[in-house]
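J.: Just dropping this structure here.
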Amino acid sequence: MAHKEQLIKPLFAKGPSLGIRMLVFAVLSAVLMVVDARFDALKPVRSMMGMVLTPLYELAEMPVRAWEGATQQISSRSELMAENEKLKAEALLLQRRLQKLATLTEQNVRLRELLNSAALVDEEVLVSELIGVDPNPYTHRILIDKGEKDCVDESKKNCVFLGQPVLDARGLMGQVVEVMPYTSRVLLLTDNTHSIPVQVNRNGLRAIAVGTGNPESLELRHVADTADIKEGDLLVSSGMGQRFPAGYPVATVKEVIHDSGQPFAIVRATPTAALNRSRYLLLVFSDRRSPEQRATDSAQAQEAADREAEQERTQGEQAPESSVAPAADTPAQEAN
Amino acid sequence: MVGVRSRNGWVIWLTLAFALLLSVAPMLEFMQVGRPLCVALILTYWVLALPHRVGLTTAWVLGLAQDVLLGTLLGQNALILTLITFLVLSLHQRLRMFPMWQQSMVLMVVFGLAQLVQLWLNALTGSRPPTLAFVLPALVSALLWPWICVILRGLHLRLNVN
């Protein structure tokens, strides 16, 4: 009997009433939400808690991994050989394109020099692996296995950062929206809160591609009915928002609907990246300087180059055996 | 609490951690829409069974953990889970007397309410599901309730958790 009393007692222990406690927690939650949405104060707390909790994702993925591992173990030799052949053929094709790319890049740099614009920096990338998908089917977010502590260089300057663009082998996938120490969250292009500035590769027509919540479809907003855009056009990132580097493929136009009842044409496009299939992603480290900084840097570089040229010229004039007259210098440069 | 020492309290935390794990477990694409509210279900069982051990505070902490795990605003799932716990605690006396199917019905309403608040909060942060499908998890959870209840009760009695 005494035992039973002991069990029942706590039920009637008086504290603050249930309603009041609920109210306190509700207010606390609301305050937390507002602070989390508007200020950065809670970011460290989040990232610390994230570090503790994200292993759960890996744990949850374990059965899937084990299954994949097992199927790989027993996949037949002929299958592997076929895959090997395919990969070799693919590598060959890519190598061919790379050969062409080298000359094109060089040409591009030379043309840019002629135009006095900032040099095209080759972007560095960090390979990361998908470790989890957001369980909410209405948001398109994924978790990857690289975070703040993962850097592309030894000096720890270029580490994963907020807003970093993410690619897969075929095109842009999205951007980093939350960085934790060893993992980060990526918002995909097709999430309905995401938009990306793009341009038509064929003619440079600019537009904004907005996610629709469907992993296979993007929509172009405010495209004039008379705009030159048609089915099959490749859309590349335009670099306008200064978040995504310019020139990466984003989507191909699937359909263009001209409806006279609508103020704008309805343009739907399919993302080129395999948004819900890719397992390995690339984090791109592009130039993070502000446009002003970039302009000053390139101006300084130009000045230095001018000074060097000036020096060379004066040296050339001083040298007695120099056969090039100053007057002939200009056309020679133009010919370059 | 007063004079009662907890026995095997780790079982509660273990099952709750398992619930968190289930809430992010990969699922097939078409099943995603109806993903059961595992955390809410398991929490509800413990709240009903041991209201002096598992209450609003546990629910709130668990909700914060879920927020971090899912990348939602800190406090969003915490609010939802405390709301569910609050409703279950206030219906506690009646719910314990109900037969299983009736418990399921009541819980469906409770989870549906929670999903409604969830939808509203999601709409505030910008991502809004376009259809009525957001109540599907409440239905699936209610259907799963008897099974969860039986499994957890087995665990509860076997290990004599208190």
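Just so you know, glycine gets a Cβ as well, placed from its N, Cα and C.
Note that the structure is predicted; figures quoted are calculated from it, not measured.
According to TrEMBL, the protein has these features:
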TRANSMEM  B:12-30  transmembrane segment
TRANSMEM  B:37-62  transmembrane segment
TRANSMEM  B:68-92  transmembrane segment
TRANSMEM  B:104-121  transmembrane segment
TRANSMEM  B:133-155  transmembrane segment
J.: Using a Cβ cut-off of under 8 Å, list the residues of the same chain at least 6 residues beyond the transmembrane segment (B:12-30) that approach it.
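T.: Same-chain residues near the transmembrane segment (B:12-30) but 6 or more away: 37-39, 41-43, 46, 50, 53-54, 58, 62, 65-66, 69-70, 152, 155, 161.
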J.: Report the listed stretch (B:68-92, B:104-121, B:133-155) having the maximum count of Cβ pairs within less than 8 Å of the transmembrane segment (B:37-62).
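T.: Looking at each of B:68-92, B:104-121, B:133-155 in turn, the most contacts to the transmembrane segment (B:37-62) are made by B:68-92.
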J.: Taking residues 6+ outside the transmembrane segment (B:104-121), which of them lie with a CB under 8 Å of any CB in it?
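T.: Distal contacts: 37, 40, 44, 73, 76, 79-80, 83-84, 87-88, 91, 95, 98, 128-129, 134-135, 137-139, 141-143, 145-146.
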